[in-house]
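This report concerns only the one structure given below.
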Amino acid sequence: MRGEIMDYTICREIGKGGFGKVYEVKKKADQKSYALKIETNAPKAGRNSIINEIQAYSELQGCEKIPRLVDHGSYEGLTFLVLPLLKYSLKDLLERHPRFFTKKSATIVGKKLLNAIEFIHGKGRLHRDIKPENVMFGHNNRIYLVDFGMSAPYLRGDGSHIPEVGGKSVSGTLWYMSINTHRGIEQSRRDDLESLFYLLILLYKSRLPWMEPGASVSKKQEARTKEIKENLSVYDLCDGIHGKEHLIKFFQHISSLEFAEKPNYRYLNSLLDKIFHSNKELQGYKRAPKKEDTGLIRTSLWHKFISILSPFEVKYDG
């Protein structure tokens, strides 16, 4: 797409997916850069992910870890939304250097995401697609949780919790979805937190046992991933992580939750604090590299990222 969309001039395409495309745009009035997400085709009858995302962002304004909804509207019958232009995703960082994270920096990311998830849940919503692609870093050195196209309320109009039902189609991203989601059980708060747990394991160990880079998402791949998750013990999954006893308790709390039960976010946060303050590092850089090191991200991006994570002490919000 070239040219203009309403009050915005299109600069370049920066992303795409089943929903449509994302463009870097400039607002005509002030020439500031933003990210504009728009459908590529008018949706057929049923769920419209961008309209759903607009609704979610509208409900979630007020959390510093959720991007501000700048604008939204319709252009030639296609729905669009406008958000601040963020720099890069956690996925970008991991692809450039899989062993980038120390235990402490990974734990800080986990604490910030836990805080964002608690806020989302407090507004009666689920994210339903926690993964590295949806964790972004902004120009103000903040971590943001983005992409609410798959988000859904877990509370009904009368304030009651949605019922637990089976036979649901699988939704989310294969590597990070919960075991219950694999089993076709309706998602609730516990499922977002299980996805966060898997993301933490990825940051601590640089991989997940069921990940097969480049593998196509198929019924066979889905079944194989489900089987590994069901049969692999949390003790084996956390093996090699110093402070693993706290991470094991993190998972055990999540897996013990009933469908409609409220998680104990404060307890989960305290477990991450204990991991953070355990003495040894598992992997990753222990210090910033020397200036003469000219690797792709080992200098400038490292120092940028350290500024994001400083100070290390992340307080519990709420």
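Heads up, residue numbers simply count up from 1 along the chain you see.
The backbone N, Cα and C atoms fix where each Cβ goes, and this holds for glycine too.
Swiss-Prot lists ILE14, GLY15, LYS16, GLY17, GLY18, PHE19, GLY20, LYS21, VAL22 as ATP-binding residues, and of the candidates LYS32, LYS37, LYS65 the one it assigns to that same site is LYS37. According to DSSP, GLY18 (ATP binding site) sits in a coil region rather than a helix or strand. Secondary structure at ASP129 (active site, proton acceptor), taken from DSSP and collapsed to helix, strand or coil, is coil. Largest CA to CA distance in the ATP binding set (ILE14, GLY15, LYS16, GLY17, GLY18, PHE19, GLY20, LYS21, VAL22, LYS37): 14 Å, whole number. Looking at GLY18, GLY20, the binding-site residues in this record, the fewest other C-beta atoms within 10 angstroms of the C-beta turn up around GLY18. Here the binding-site residues are ILE14, VAL22; the one with the fewest Cβ atoms within 10 Å of its Cβ is ILE14.
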